[in-house]
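Here is the structure we will look at.
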Amino acid sequence: MAQWNRSGYFRSSGSRDVNPDLETERQTASFSVERLTAILDGGADNTRTRRAVEAVIHSEPGFSRENQYFQSQNERYEAAVRRSVYLKEKMHQMGWTEDGPEIKYCYRALGGDLAFNVHRVFKNSILALGTDEQIAKWIPLADKYHIIGTYAQTELGHGTFLRGLETTAIFDISTQEFTLNTPKISAMKWWPGDLGRSATHAVVFAQLYIKGKCYGLHAFILQIRSLRDHSPAPGVIVGDIGPKMNFEHIDNGYLMLQNINIPRENMLSRFSQVLPDGTYVKRGSDKINYLTMIMTRIHILWIEVIPTLLKACTIATRYSVVRRQSKLNPGDPEAKILDYQTQQQKLLPLLATAYAFHFMNAYVNEFYNKGYTEIRQENFDSLPELHALTAGIKAIITEYCTAGAEVCLRACGGHGYSALSGLPFLYTKLAASCTYEGENTVLFLQTARFLVKCLAAVHSGQPIPPSATYLSSVDSGKCQARTSVDFLKPDIYAEAYRHRATRLLGNAATKLQGLVQSGAEQHEAWNQCTVQLVQAAKAHCHYIVVKNFIDTVEKLRNEAEIQKIVKHLCDLFALHGIFSNTGDFLYAGYISGDQIDMVTASYLDLLAVIRNDAVPLVDAFDFTDESLNSALGSYDGHVYQRLYEWAQKSPTNKQVSQAYARYLKPLFQSALSKL
Amino acid sequence: MNEDLRRERDSASFNPELLTHILDGGAERTQRRKEIEALVLNDPDFQHEDLNFLSRSQRYEEAIRKSALMVVKLRKYGIADPDEIYWFKRCVHHGRAEPLDLHLGMFLPTLLTQATLEQQDRFFMPAWNLEIIGSYAQTEMGHGTHLRGLETTATYDPATQEFILNSPTVTSIKWWPGGLGKTSNHAIVLAQLYTQGQCKGLHAFIVPIRQLGTHEPLPGITVGDIGPKFGYDEMDNGYLKMDNFRIPRENMLMKYAKIEPDGTYVKPVSDKLTYGTMVFIRSIIVGDSARSLSKACTIAIRYSSVRHQSELKPGDPEPQILDYQTQQYKLFPLLATAYAFHFVGAYMKMTYYRITGDINEGDLSELPELHALTAGLKAFTSWIANAGIEECRMACGGHGYSRCSGLPDIYVTFTPCCTYEGENTVMMLQTARFLIKSYTQVCSGQLVSGMVSYLNDLSGQHIQPQQVAARPTAVHINDPASLVEAYKLRASRFVEVAAKNLQAELNRRKSREDAWNRTSVDLVRASEAHCHYVVVKLFTTQLSEINDAAVHAVMNNLCLLYALYGISKHTGDFLQAGILTDAQVTQVYQRVKELLAAIRPNAVALVDAFDFHDNCLASVLGRYDGNIYENMFEWAKKSPLNKTEVHEAFHKHLKPKQAKL
């Protein structure tokens, strides 16, 4: 245990005076951590660039997040604005560009604690939906932060269902203007980031009316605050929506519009235009706008969601080798809590999940880039698949990451509950991801709709999109494993996942068809099958992740040591999934009861194997202490000293509270005479 | 009232008030609870600003103010019954923890149970009058669950007849005790007692920590707040470090163990009594699981009746989101769970009172079993409620994430009970230890009784899959009693598997501890299956006590849903053991969906029956009148970021950029 007289702790995190309990873990690594880091970064060059960027960011006190956990909503917001403006200057100074590789490393180093994320969406929407003149007018202003934009789509009463949005934009031929209105309280724009306090402009989605006829949703650009004194424009009611579970640094806002007139040129008009005489003209397909949505989804997964799980795993795993509790053998010192099977069962499958999701990056990007090229050439054939794939992948990744971070939090016992562990911050960030950028259940159902169509295509002999071709392969009907070792063969478990996905989809589709044939209306039949359809979509996504993990392991054939450990993680990910969903596999005897016992045996053996490399596996993520911002998870493992030091900085220990003088002192006085 | 909610309430098939009476334990108790709540709700002294908009220091101060007031008012009103005090307190603090919790809940009771009469004379009345406020300092930075590992020392010095208290390492700093950081001037400190050169294990000492009059820490004492947490903003969880701090011999709590002036140690008689307190606290946590989940369900189900989205049928108006099967599937099993846990909590409390009656008459025979089995129930219910609250939040989409929904607050207030009062996994393993012991007893030919008596049927090979293959027809998926049997078989099987795997590990000549560790995943599973069985059983038992036919019908559906949903989530267990066939599993899935549709018309009435006052619910989305959108806007306008029309961040950081335009 750490002694009081232990010297050197209060050195900066750059020093490497490491807790011996962590040190021993690192000495026994079965592979080169540095090499794995390079693979995770997509090459050693990227690792170098990343570290250089991190070094720049961390050396500037202006970017420090040191007191983040002690700040109020107001202070968090102001600090985020300060960092963002400062980052802009820094990037300029360093010669880093908006589309260069450095920006994502800046974001990573700062843990995403920046403002103006929606400003970026504002720009992207103008780039996607604006005419060349509109782009030329607005983008340079936005690039220099001369204006700050937001993207106002979601309303108080409507989020997912876009057609239900109620904001109106009525074209007036006599003035050549649109009049924007919030006709009722539920139509107020609600949630857009950067809207509450920062934005001067907004891209607002509204139902377009010309001569009394509704033409559906369109995007309009309007000024909402004065550029002189930042006060709201006349007819604009705007503010912050109040405290949330997290994202307190972001000023999510509300916006109410009362007869705001904007010129005809302010409708974003690349795909549809209103002529001066009120004629509505449609040009080409605005399906490209889906691409913006898909891109945003992919972006948040790799910038916001997956790294957050990686961080949570890093913190919980490191803490679990520093924390000791009870004895495993009489006479021994107290055991590291990671040596308990139950702790391994909580954390190691998550570690495998973190790797599984990280490796999905390449797969999804390949799909996206292919689709992007085609769509730019106005070929929209791959759009449904791209859309369905990213919807399901977003849903499964955010669901698993959110649940995973929470497990990490609780796996750290009481200390995980302290804000200083960093885990509440990470968890509450992830908790939002299950509902933003598409509510997960809705997304799974979109994937399911696509799969049902694919299945119909299989039956009618039509071509099937690549991600669903497996639906047409022949099922062996029984799992071929004979021993528990057989379950370490990727073919065996991939086949099991394939079988499960095919079966669950088949069952749901059959049920759906049955209901329709027995006279139910299509929509009612669909609603009655949605629970099953969601299960089918999840099983499909699970299969895709397992399959991709297997392919990734294959590709590591020139890295023997790393391939070995990554293969263990792949096995663990796959077997944990079977172990946790035995019913899906036992059903109809695909896997027998004896085989389930084999799965369990292999799964538990893997926990013990991966246990030995657990710390090197999280070290390979290579997060700086500053970006982890955790008293429990630092590289040096001086958990307790740091917890104590940080607690002393808490404002509750500095500020004079009136509580004593006002309420406690009167109570205590009378004891003086008696004690 | 919002039209949708009115329609929901009008179409309920039963009277929710009758159900409220069942939950409260009788109509008179409901009435009395409402009287007590009215005392708080109508008292202007207890009004304050929405806590969501206050800083932590402000929230702490507000809580202290209310707590001090509460103690005065309780005495003024002459409220002394524990349940009534609990109702009052819950209403004052909206179910949140507050700085005097440990003083009232641990410091005072510990004085009563462990102090000598002489000590009680010195400390009890000042503490009762809040002249002394005490915390209970057990947990240290480096040790929580494993009490023997605590490092704080109390060394007896016969020369001065004093104990010298020390925190010898960083890890030994007392960490987490509530009310310790800023509020308390005394603490009961748990420390390893050293006398005559020997360690006598953990003992409790009354330690003054702050100067009366100035409230400054005493020389040798370092004390403070441990900083911000996930929740518990009102609570000053604290740290305490002692450096050669001396207290008189008389400050050791000596009702049981004693130190003579010369340093001779006198051993205590029995420590079984502490089991009783732990069982009681666990029954409160199980009740809290039910309550927190009930609140979350109330909010999510009311909101889902008011929120409209998309279209089910092309051309129709947007439906209430509660009409979507996926939404029902998220919320109704949780609603059933909330009811189930409520009955478990009530059962535990009742059993506690029955057995403590026995304690006074000297019969403690049931205590070990109760102690062992309630550990698992605490873990089982708190884990599920914890996840359930988050599901409710996510079922409210984006708005659930706003603190105006109240759901983030319910979650952060509840979630620490998965780790405090015994970390859940450790609790599960305690129950497993008892299950294995009982199994071993059965194997050696002795019968066991109580909740584990089903193990008696395990005489050898009863539940091998082959033999039960003929059994499936015996499970009737519409009969709760039959489902209890199914859960019982599952529990038996998992206990047996764990016991056999444990034996197998032992046969590989592993030490007991090592073998136990290598079987712990199986053991936790066995405990979970056991607890699940207990919950289904208690819910089913409760049905027979409901007299009103309409209420009985709806509760019967909820009970079936609870049991069948549990099966549908663990089909593998039932298939592998041959308890259910593939065909029955398919029927279970189908029946779950039918039950969702059957419960749908009564969903709002079922949450109304929990009878949470809007003030206690503290949720804009969960308001009884359903007028959510207007009130979200009103709430947001009060946000701290809206205090000024133009935020100062603009002047500092943005204006310089925009000057050029």
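Using the three backbone atoms N, Cα and C, a Cβ is placed for every residue, glycine included.
Unlike curated records, TrEMBL annotations are generated automatically.
The shown structure was predicted, so the numbers you read here are calculated from the model rather than taken from an experiment.
The active site, proton acceptor feature in TrEMBL is assigned to B:Glu421. Annotated FAD binding site per TrEMBL: B:Thr139, B:Gly178, in sequence order. Summarising the annotation, TrEMBL assigns domain 'Acyl-CoA oxidase/dehydrogenase middle' to B:136-244. As annotated by TrEMBL, domain 'Acyl-CoA oxidase C-alpha1' applies to B:275-436. Sequence annotations record features per position, and here TrEMBL assigns domain 'Acyl-CoA oxidase C-terminal' to B:479-657.
Cα of B:Gly178 (FAD binding site) to Cα of the residue listed as 'active site, proton acceptor': a span of 13 Å. In sequence order, the recorded positions near chain A, meaning those of B:Thr139, B:Gly178, B:Glu421 whose CB lies under 8 Å from a CB of that chain, are B:Thr139. DSSP assignment over the domain 'Acyl-CoA oxidase/dehydrogenase middle' (B:136-244) gives 6 helix, 50 strand, 53 coil. Cβ contacts within 10 Å of B:Thr139 (FAD binding site), excluding its own Cβ and spanning all protein chains shown: 20.
The number of other Cβ atoms within 10 Å of the Cβ belonging to B:Glu421 (active site, proton acceptor), over all protein chains shown, comes to 17. A Cα-Cα distance of 10 Å separates B:Thr139 (FAD binding site) from B:Glu421 (active site, proton acceptor).
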